[in-house]
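Sending over a structure as structure tokens; questions will come in a sec.
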Amino acid sequence: MKHLIGLQGMAAESIKEILDRAALHKHLFINQENAIRPSLKGKRIALAFFENSTRTRFSFEIAARNLGAQTLNFSASSSSLSKGESMIDTIRNLEAMRVDAFIIRHPSSGSAEMIGKSTDKHVINAGDGSREHPTQALLDIFTLREYFGSLEGIKVMILGDILHSRVARSNIFGLTTLGAEVAVCGPATLLPVDTSRLGIRIFSQLDEALGWADAAIVLRLQLERATGGYLPSLQDYSFTFGLTDERLEKIKKHLPVLHPGPINREIEISGNVADRIQPPGFSQSMLLEQVTNGVAVRTAVLELLISPQPDT
């Protein structure tokens, strides 16, 4: 595999290979065994982030350094892009500095694919517009596989702004490929029109969706949706679709809850639900476990793509 642009069309075997290697890296990361695993020693990796990021950027940087690679941090605001240089010219200049791989985050859908077609170096999509965010989905899938043991037949409900979410799209592609059942729930104005061709269920009532689900992935609500005509108000969204203890108590079953972060407390998820990492209660927050798993998954992706023969 030359690039990781998205999970759409990726074979189940390729996804499982990443997850299996991530399990190895998580063990090493947690136990601090051989903290530096130099399979990418001498490689240069450019983190070209045209959008702000905390978890994704830092976890990729930790992953690269744990593999012995050098990282170059690129900021659009302080680069020649601010002087009018095109994105492709910027990439070509970094190529001339013997960069081996690009990790790209960009607000435009399709940008990572365009760069992948313009360079012979490795390209990893760290989120492009509303299209895909493959490594976020991979770490979500890894978290769920750790929790359930297998994803075959597991019912996963994705809650929130599906229409604009690259995280939702990548999760739908990856989860269904591995045999999970997927449903989405949210306001009609924030659901895409093409859900039927994706082979997923649609719920308009959160209580019904929670009763169906084995696990929930809650998406961050972009606050501008309330002023963009998509929602009556944030308060209305929170009342109808916010994940709270009161809602979870109605279903009387234990539910792992995931969220890609950052969270809007008391809007899409209550503080109690976000912070509960163990019983008692009817939910278990996986949010911090996802962050740890993000380092492991991104380490696996870098190693499998860039190292010709990863150490075993």
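For all residues, glycine too, the Cβ spot is worked out from N, Cα and C.
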Need one residue: from ARG21, ARG37, ARG98, ARG105, the one Swiss-Prot lists with ARG55, THR56, HIS133, GLN136, GLY261, PRO262 for carbamoyl phosphate.
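My reading of Swiss-Prot gives ARG105 as the candidate in that site.
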Could you tell me which of these binding-site residues, ARG55, ARG105, HIS133, ARG166, ARG220, has the greatest number of Cβ atoms within 10 Å of its own Cβ?
HIS133
Through the lens of DSSP with three states only, how would you label ARG166 (L-aspartate binding site)?
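The residue in question, ARG166 (L-aspartate binding site), is helix (DSSP, three-state).
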Non-local Cβ contacts of GLY261 (carbamoyl phosphate binding site) (under 8 Å, 6 or more apart, same chain)?
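Set apart from GLY261 (carbamoyl phosphate binding site) by at least 6 residues yet with Cβ under 8 Å, we have THR54, ARG55, ARG220, LEU287, GLN290, VAL291.
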Can you tell which of THR56, GLN136, PRO262 has the least company, meaning the fewest other C-beta atoms within 10 angstroms of its C-beta, among these binding-site residues?
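Relative to the other binding-site residues in THR56, GLN136, PRO262, PRO262 has the fewest Cβ atoms within 10 Å.
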Return the maximum Cα to Cα distance in Å (whole number) over the record's carbamoyl phosphate-binding residues: ARG55, THR56, ARG105, HIS133, GLN136, GLY261, PRO262.
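Roughly 16 Å, rounded to the nearest whole number.
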Inside 8 A of the center formed by the CB atoms of ARG55, THR56, ARG105, HIS133, GLN136, GLY261, PRO262, which other residues of the chain have their CB, for the recorded carbamoyl phosphate site?
SER53, THR54, ALA126, GLY127, VAL167, PRO260
